[in-house]
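Visitor: After the structure tokens below, expect a handful of questions from me.
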Amino acid sequence: MDFVIAPSSFPSFLNRDNIPSSAGIFTLTRFSTVTFSYDHRCPRGCRSRRIPGCSRIKCSRRRDMDSSKSATSPEISKPKILTGPGGYVLEDVPHLSDYIPDLTCHPNPLQDHPAYSVVKQYFVHVDDTVPQKVVVHKDSPRGIHFRRAGARQRVYFDSDEVHACIVTCGGLCPGLNTVIREIVCGLYHMYGVKKVEGIDGGYRGFYAKNTVHLDPKVVNDIHKRGGTILGTSRGGHDTSKIVDSIQDRGINQVYIIGGDGTQRGASVIFEEIRRRGLKVSVAGIPKTIDNDIPVIDKSFGFDTAVEEAQRAINAAHVEAESIDNGIGLVKLMGRYSGFIAMYATLASRDVDCCLIPESPFYLEGPGGLFEYIESRLKENGHMVIVIAEGAGQELLSESMQSMAQKDASGNKLLKDVGLWISQGIKDYFSKQRKMPINLKYIDPTYMIRAVPSNASDNVYCTLLAQSAVHGAMAGYTGFTSGLVNGRQTYIPFNRIIEKQNKVVITDRMWARLLSSTNQPSFWNPKVSMEDKGNEEEATELLDNGICGEESPRFN
Ligand SMILES: Nc1ncnc2c1ncn2[C@@H]1O[C@H](COP(=O)(O)OP(=O)(O)O)[C@@H](O)[C@H]1O
Ligand SMILES: O=P(O)(O)OC[C@H]1O[C@](O)(COP(=O)(O)O)[C@@H](O)[C@@H]1O
Ligand SMILES: [Mg+2]
């Protein structure tokens, strides 16, 4: 039985919501006769017979497409790029209606919500976008924009129809539990969605474990705890099995919380879902304390990690100050990006030297680290060094037997630079300089990421989670919810996974650090000229947008 309702019979607010011309009428389709056996599942993800929006003709036509379970389809969706006057570019995110025609939509239930209905203009205008760069010149082109996140006037899921799942992958990060909590509560309290499941233990949990029931009662207090109540893992990623599991369980909204590796995985999952023609929204929430995800202002949990790192730096300073020629050495996380070390150093003001993966350094000779340590000790009697775990790895490889080991996700396993440099400093001063020093090495690595998120990260996590929920309900898919210039946006996966965010050492922020520590830049003009990749973009973090101008040069 099909119902076709003309727009005039809908509440008037719907007509104001820039309904695309292709959706000139709303089609409420209901069918009662078609059945799908396990082997002939409805490729749109509905295993029940009575899910609106899944017409018999289209489902049976699409059944053929489902016969191949291969996740290696060459059909990768093209980026959705829209251009406008003045050099305006919108890097848009996919929508379920891009590949599923005649989807039904409904008025957003938030219009009747006691909290939100009083907000003037609560719904985001369909044309709202956020610029990637806010510092422009008079004649600059308008540049790249992302779709603004937030609740839309119409949604593409009926609340009763939604079956959501949440998964957390990769390393821990403060705030994971808050994001889980706010997705569950957002779905329940804003949209009346009751079916939410947690995937146990990362991606492999989709096919290797049972799911965990989630509701507001279960998640009520979890934001006060570190870690993730769902568990996490690296590796174990089989796209076909994951999408089979999504389809078998009848899941139609997938919330994936994780770092760069996870978002790469999410992008492949989205492509496979699209290839199978399923009505399943895939929403990513970027997670990493390393802050190595590009485009976004910063990742959640980063502030908490920097705050926690202060405790280790303070301890190192107290220890170093208390003895003659005291050196406090602190190793912080940061595999490829030194943001935590840089911000912890800038925040502390007690640090004399910060070493990060992006800034190569050398130990001996004029302008080297050992010479600087000696001068600081002679001048001050003590010093504090902060080193990111990924710093100086090329020096370690030279002096240790190279073992290119990787973790289950394919990330390079690093050698312990903290122990190595501690030994190097001790050997240099005792053997070559015959100068007694007292070195205390503090390794708080896991302590800074296992803590619960602080107040500001909790609010940030809430906004990211709610944005993801609004986006999925509005039918967007293949997107990551992220903060761009202080506004919540939907960013296409291809932009999130194309490269890693790194500290740009020719940028103002690194200059601020150098001027705060007084350390040598270890800058070698020849090496820097060769390092073209680093010159293009300014460091993306807390720089109030002013770092997007020309990168200044130092030395
Ligand atoms: N290039 C990739 N393509 C698809 N999936 C990936 C890729 N890299 C990592 N993954 C998957 O994402 C998950 C987490 O990745 P990992 O690198 O460990 O953490 P993070 O997401 O925090 O960077 C793992 O289960 C892994 O299998
Ligand atoms: O020991 P583990 O769990 O693999 O985690 C160590 C890694 O996790 C991180 O904190 C973050 O990495 P991800 O963002 O990839 O999870 C790195 O800085 C660190 O090298
Ligand atoms: Mg990673």
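Positions of Cβ are set from backbone N, Cα and C atoms, glycine also.
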Visitor: Per TrEMBL, what member of Glu182, Glu197, Glu389, Glu394 joins Thr288, Ile289, Asp290, Met333, Gly334, Arg335, Tyr446, Met447, Ile448, Arg449 in binding substrate at one site?
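Guide: Same substrate site in TrEMBL: Glu389.
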Visitor: Write down the one residue from Gly171, Gly326, Gly328, Gly338 that TrEMBL lists together with Arg234, Gly235, Gly259, Asp260, Gly261, Thr262 as binding ATP.
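Guide: Among the candidates, TrEMBL records only Gly171 at this ATP site.
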Visitor: Checking proximity to ligand 1 here: which binding-site residues out of Asp290, Gly334, Glu389 have their Cβ closer than 6 Å to it?
Guide: none
Visitor: If you average the pLDDT over the domain 'Phosphofructokinase' (165-470), what number do you get?
Guide: 95
Visitor: Could you measure the widest C-alpha to C-alpha distance across Gly171, Arg234, Gly235, Gly259, Asp260, Gly261, Thr262, the residues recorded as binding ATP, and give it to a whole number of angstrom?
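Guide: So the binding residues stretch over 13 Å, Cα to Cα.
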Visitor: Between the Cα atoms of Arg449 (substrate binding site) and Gly171 (ATP binding site), what distance do you get, rounded to the nearest Å?
Guide: 9
Visitor: At a 10 A cut-off on CB-CB distances, which of the binding-site residues Arg234, Arg449 has the highest count?
Guide: Arg449
